[in-house]
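Notes follow once the structure below has been shown.
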């Protein structure tokens, strides 16, 4: 009898500990999320209120200090840091200011994360129109990198911004929107924090909805027509993603797709509305770990992903839950290696020719450790000066494991530049928040308005109060 | 206590504790960063152990080794559940103090059991033999855990080690009740 009590007590503490741990680890991480760019920072100042932020900016102006702006710091090209600068940590500036049920909008301070917003709007049966696939990022950060997500109907993130308030280098507060201060708005969206501080943002919302997951697998050559007919032209389809194989056996051939379609019976929505939290990261983390080691590991990672995907076919999920994807399993701690991301955009019509070209580059570099490729859809969008979606495109996100020593960095750089050349040759572009492997020429080709962007920077912030390593690297 | 059982038991808890000890440093590194803090964390551990030994020694003769090992197993099983939650240096200090107490219990009991069991004339062989198996278990655990941390989170190591301790505690219990 005593044994039973002891075991029960132990199990209670055990589950309590796991629960508390999972709550705790959902919080933000403080350190920079890649270790390729060690930079000395003078201080980190946390902005808690508008007045404090204003003071930081005016103080910096007086002392001729340089400011950089940081949210979750998952960008990998030094967009949030500047040597000997003052980093403004926006994470504490994270209040949800207003949920307007009538107008279906939410106004938040820019340090709020997408998860914070979801928690505020989910009880009202509302949902974001567009958010990043992972919900750990801050709103200000996502706007500054002009992020996109899974949604295929509501355009880019910038399309869902009704307006925002913005503090420039003089500490002056301006109202920005697609109609007010348009030029600055287009520079700040995807502006990598070079123009000033995004204070609060009003985002458009839509109704939460119940989706049925539809999964499929196919060859890459069938994918564009599948996407067009079964996804884009199906009014029930709302969100979509796909993966292409990194397993040696089916490398860059086999794909599987996941589409979220409006469910027949919306009455069941209430049963699925509770926001899920990240559980059971050990399983995907384990397979991702295997995948890092060798080809057999990559095979089993891909096969497991496929089996899992087949299994979720027909599952029901609320829109809000579909927009909270797991990311914790990707956390990786190794002193000699790190994991980087790349993202390439290619017009839908070019996809079929592009994949073999990308495959050829990757096969020429067998040591290049590619772990995952996710494919999503981005609609043509020119809200931002630095817009990557020149037409309707597929985006490919590549997760890559690389060493941090000089030789490995150089090797990775070679492959990345070749991949970008292949992408540009297919009228594509690449995503800017990642490590500075691409050349200036590649940036100018991918972003024809690069020159204009840097001119705007000089015009709106002539003293260069706001700076980061991205600017230093890519200024023409 | 059956001697073979004892080696088995020590092997099990040896596995569990060598699972956490080297990797525990990773946790401290995440929590605090200075060498001085490191020194304090381990110093506190040794100091509390020192303070506890006289008391534990006395108790060992009164309540018996098994009871003390029992306290150790379950104490560690529960204590380890708090490790993943540590986020400040002072959390680590408190955990180190408690680990110091339990460590002293284990160290003392290990020796008293051996002292009560071994035959003086062949003590060398017997203790040597004892160390072979416990060390083998520890070595396997340490190597395997290295891979585990790569795959899982550092927190899961503590949970797994905690389960092993709980299991060792159950084994002890069974032993006791079977006899009674």
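We count from 1, first residue shown onward.
Each residue, glycine too, has its Cβ placed from N, Cα and C.
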Correct range for transmembrane segment (source TrEMBL, candidates B:111-129, B:130-148): B:130-148
Ranked first among B:7-27, B:39-56, B:68-86, B:92-109, B:130-148 for CB pairs under 8 angstroms with the transmembrane segment (B:154-173): B:68-86
Stretch among B:39-56, B:68-86, B:92-109, B:130-148 sharing the most Cβ pairs under 8 Å with the transmembrane segment (B:7-27): B:130-148
The transmembrane segment (B:92-109) in contact with the transmembrane segment (B:68-86), cutoff 8 A, at least 3 CB pairs, sep 6+: yes
